[in-house]
Amino acid sequence: MIIGISGMIGCGKSTLSKGLHKHFQNSMLLEEFQENDEVFNTFLKWLYEKQPNIDLGFQSFIIESLSNSLQHCLQKFISLGYNHQQNHIFLDRFNLEHYIFAVVTLKEKPPKYLKAFDKLFSNLVDSSENPDLAIYIDIDFDTFKERILKRGRQSEIDNYQQNETYFKELHAVYKDFYINLMQTYNIPYVVIESTGKNEYQILGEAIEIINNFDFSKSKRTKIN
């Protein structure tokens, strides 16, 4: 099955995705981006530096890139002889979440920009690529701040102060927007409250969620 790992920046989704990939043998992991992705890193740097006129371009790039990466991943999944009944693909964030980022980054622009993104989003996002199960890691803002400064991504550290208001706004709306998206697109989801838990406790909780989840209603149960 395809399982999406979601949450606010710095919530630990990459750590959890890698842990699940390691735990479930013959699974695949699709990361949101590669550390050496020059285009993504340049867009991210421009975003945090508040360079003008990049918001629509950045979000459309991410959506197209993630969609293409998933299609390549699915082709490899099939070529390895895997099937959706026995094997998993773990997504380190998936396309629907980027609607949340767009809403926050475009809120200062005239309404026509979000309307344009709505049309772009509805045409680019393919519901057949949605996960069979989504796991959301919830964190408080103080934990987010601690992690984002600790993980050492230079563009985030250098530009944190001028983006703190943006991060607070994103954190304030992220969970509610996410739940609304999951309900709109009929994606089963589970929220893991991560406060006071280490990565191994969160991993154990996620493994239990997956092992106990009934995937029989997923459309992919009929797909090899």
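Placed from the backbone N, Cα and C atoms, the Cβ positions cover glycine too.
What TrEMBL says about this protein:
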- ASP92: active site, proton acceptor (ACT_SITE)
- GLY7, MET8, ILE9, GLY10, CYS11, GLY12, LYS13, SER14, THR15, ARG147, ILE148, LEU149, LYS150, ARG151: ATP binding site (BINDING)
- 3-194: domain 'Deoxynucleoside kinase' (DOMAIN)
DSSP-derived class (H/G/I helix, E/B strand, else coil) of GLY7 (ATP binding site): strand
Integer Cα-Cα distance in angstrom, ILE148 (ATP binding site) to the residue listed as 'active site, proton acceptor': 17
Which of LYS13, LYS150, all binding-site residues, has a Cβ with the fewest other Cβ atoms inside 10 Å: LYS150
Number of Cβ atoms other than its own within 10 Å, given for ILE148 (ATP binding site): 18
Rounded inter-Cα distance in Å - LYS150 (ATP binding site), the residue listed as 'active site, proton acceptor': 20
Which listed residue (ILE9, CYS11) has most other Cβ within 10 Å, given these are binding-site residues: CYS11
ASP92 (active site, proton acceptor) versus GLY7 (ATP binding site) - Cα distance in angstrom: 10
Cα-Cα distance, maximum over GLY7, MET8, ILE9, GLY10, CYS11, GLY12, LYS13, SER14, THR15, ARG147, ILE148, LEU149, LYS150, ARG151, record's ATP binders, Å: 18
LYS150 (ATP binding site) in three-state DSSP notation: helix
